[in-house]
Amino acid sequence: MSKIIVRGGNRLTGKVKISGAKNAVLPIIAASILGEEGSSVIHEAPALDDVVTITRVLQALGIDLTYHNETITVNASNIKSVEAPYELVRKMRASFLVLGPLLARVGRAKIPLPGGCAIGTRPIDQHLKGFEAMGAEISLGQGYIDAKVDGRLIGAKIYLDVASVGATENIMMAASLAKGTTVIENAAKEPEIVDLANYLNAMGAKVRGAGTGVIRIEGVERLKGVVHSVIPDRIEAGTYMMAAAITGGDVYIDGAISDHLKPVISKMQEMGVNVVEDENGIRVFVPKDRTLKAVDVKTLPYPGFPTDMQAQMMALLTVSDGTSVLTETVFENRFMHVAELKNMNAQIKVEGHTAIISGNSRLTGAKVCATDLRAGAALIIAALAAEGETEISDIHHIDRGYIQICEKLRALGASVRRAESEVEKAAEVIEAPILKPIQPSWA
Ligand SMILES: CC(=O)N[C@H]1[C@@H](OP(=O)(O)OP(=O)(O)OC[C@H]2O[C@@H](n3ccc(=O)[nH]c3=O)[C@H](O)[C@@H]2O)O[C@H](CO)[C@@H](O)[C@@H]1O
Ligand SMILES: C=C(OP(=O)(O)O)C(=O)O
């Protein structure tokens, strides 16, 4: 099994470049399915495992796609299958985002129930409610969602019971090619939704209000490929901010958009971390001899404190002065890192959705397991401050969301390396079958 091995105690200094956002590039790749004419060229697409997986999903649909040097070129003028392979979709949640675009483009999609991090039950009822309101017929059998529409989807008014990021994106994409206007109420407001709306609008869609709670989409007849650069990853940026702080370091987070990180910046400042924002990035530093203070944190949909930063924040709180209360309100099972942090001598008690962290821990290196993506990031952060060596296993979770994390940390002065397993290095190859183009039922 591959591992990341960290020797703690080094102060991080220097500059780290932030890559394109995983949670923006994934829906943008899915949205490319909507382009009937020309190619889309997507820049700043980091070669994360999740990004590679979704590109393979598109290839399995018979879509022409190439991926070189963080640039993806997609030509979806021909779609040859409406069925996404189980072996790919089970690996990640966001692969379900191909359902809306396929349904809108060719009137049919057969997608396995999605996999991804086991941080909660993660239902897809809000996605399906949206598609049904737009006239789709949905059936579920043998682990697959089969969605059909006779003719085009019809614009509808859809109120989301929860402000789901994925449901907002899936419905927004489907609505772009529907007949008439769709209004999504209680829509998610994350920056990744705005990036997707910008991409769709460049393709010729008419999406208004992305970034607010009400998004209005006027359907158009057809969309075309465009050139787009993905926004920087606010969660990757936040992770390096925590890494800098826990080591008492001084790091410039190059490319981070501070507007996207306000709740993280504000909590870190409350703890006593110095954070200086400018138009190109964020400098994070802890003055010598400053002790960081405990704070209370509650995760919320954007613009609240991101659930995807909860685990990393917890790692930082274990060494801060005093008791912190951290409440997770977005996912019901997102404290799996607690047991692992406790193995490193952290003092944490969980009561329902709340973790009570007694600070001032002297973290010690241990053998620990990355139970999910951000849990893995939290363990690396804790390990940077721990005494001795920490060995983190199950790092395939970390590879879903962090590109070259060991290289980036080493460049900042950390002692961190990967120990690769030969078995995992033999990449799984899933060949796309040879298929014929599909015509929509109304063509
Ligand atoms: C690829 C991607 O962008 N992933 C992000 C996206 O995940 P994802 O889009 O899956 O997260 P959602 O916003 O949909 O989930 C938020 C909450 O809504 C619930 N829910 C969701 C859909 C649904 O149909 N019914 C329902 O009840 C979920 O169980 C969860 O409790 O947003 C999450 C919340 O910011 C982030 O943690 C993930 O990193
Ligand atoms: C939970 C996450 O991702 P996903 O929704 O892809 O599982 C994440 O990025 O932290």
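Glycine too: its Cβ is placed from the backbone N, Cα and C atoms.
Curation does not apply to TrEMBL; its annotations are automatic.
The annotation domain 'Enolpyruvate transferase' is assigned in TrEMBL to 6-409.
Per TrEMBL, the feature phosphoenolpyruvate binding site maps to LYS22, ASN23. According to DSSP, LYS22 (phosphoenolpyruvate binding site) sits within a helical segment.
As annotated by TrEMBL, UDP-N-acetyl-alpha-D-glucosamine binding site applies to ARG93, ARG122, PRO123, ILE124, ASP125, GLN126, ASP308, VAL330. Within the same chain, no residue at least 6 positions away from PRO123 (UDP-N-acetyl-alpha-D-glucosamine binding site) has a Cβ under 8 Å from its Cβ.
Taken from TrEMBL, the feature 2-(S-cysteinyl)pyruvic acid O-phosphothioketal applies to CYS117.
What TrEMBL records for CYS117 is active site, proton donor.
Residues ARG93, ARG122, PRO123, ILE124, ASP125, GLN126, ASP308, VAL330, recorded as binding UDP-N-acetyl-alpha-D-glucosamine, reach a greatest CA to CA spacing of 22 Å.
The Cβ of ASP125 (UDP-N-acetyl-alpha-D-glucosamine binding site) has ASP161 as same-chain neighbours under 8 Å, each 6 or more residues away in sequence.
Highlighted here would be the binding-site residues (ARG122, PRO123, GLN126) whose C-beta falls below 6 Å from ligand 2, but none qualifies.
Of the recorded residues, ILE124 (UDP-N-acetyl-alpha-D-glucosamine binding site) and ASN23 (phosphoenolpyruvate binding site) place their C-alpha atoms 17 Å from one another.
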